[in-house]
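Colleague: Take this structure, written in structure tokens, and hold onto it; I'll ask about it next.
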Amino acid sequence: MTDVRGELLQQIKDKAVVHGKVTLSSGLEADYYVDLRRITLDGEAAPLVGQVLLDLTADLEFDAVGGLTMGADPVAASMLHAAAARGRRLDAFVVRKTAKAHGLQRRVEGPEIKGRRVVVVEDTSTTGGSPLTAVEAVREAGAEVVAVATIVDRATGAGEKIQDGAGVPYLYAYGKDELGLD
């Protein structure tokens, strides 16, 4: 475990893990919630997210990252900044839940991704629904999705659903066991 990876893990444990009954965005109930917005929007932790996810995806060739708004937005931004700090150009994009009815009426916002290799990111996924929605939109925009990457995997089948449904690798930085949530 790199120092950065260990530091982010501790930040997640300290700031993002909330115990108690909660209803997840998927509609499922859980005995805990990992509120990763407390990490991805935190001035101390967010830069670590970018570094850890860049390391996680280091073996992949891609030049843009993004996913379904809102969970993916700060993840993609942190990766963009971490890449710049390493002297690497990496663009970010945002996938809207539905296309805008005005302006350019785009569903995928940001630099053009048509013809580009991209990684779809998410903070965490329970059912795989948000990343799969993003993969579909990104493919419709003409990009090649090389992987889906998340910060935390809840071990609830999202990875399998993404691999089977989208046919791309599913990567995650931390499993729920590392967070002491077994």
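If you go along the chain as it appears here, the first residue is 1 and each next one adds 1.
Just so it is clear, glycine is given a Cβ too, placed from its N, Cα and C backbone atoms.
Pulled from Swiss-Prot, these are the listed features:
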- Arg96, Lys97, Lys100, His102, Glu122, Asp123, Thr124, Ser125, Thr126, Thr127, Gly128, Gly129, Ser130: 5-phospho-alpha-D-ribose 1-diphosphate binding site (BINDING)
- Thr126, Arg154: orotate binding site (BINDING)
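Are these features on the surface or tucked inside, and what touches them?
Modeller: DSSP classifies Glu122 (5-phospho-alpha-D-ribose 1-diphosphate binding site) as strand under the three-state reduction.
The Cβ of Thr126 (5-phospho-alpha-D-ribose 1-diphosphate binding site) has 20 other Cβ atoms within 10 Å, all protein chains considered.
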Colleague: Using all protein chains in view, find how many other C-beta atoms are within 10 Å of the C-beta of Arg96 (5-phospho-alpha-D-ribose 1-diphosphate binding site).
Modeller: 14
Colleague: Within 10 Å of the Cβ of Glu122 (5-phospho-alpha-D-ribose 1-diphosphate binding site), how many other Cβ atoms can be counted across all chains shown?
Modeller: 25
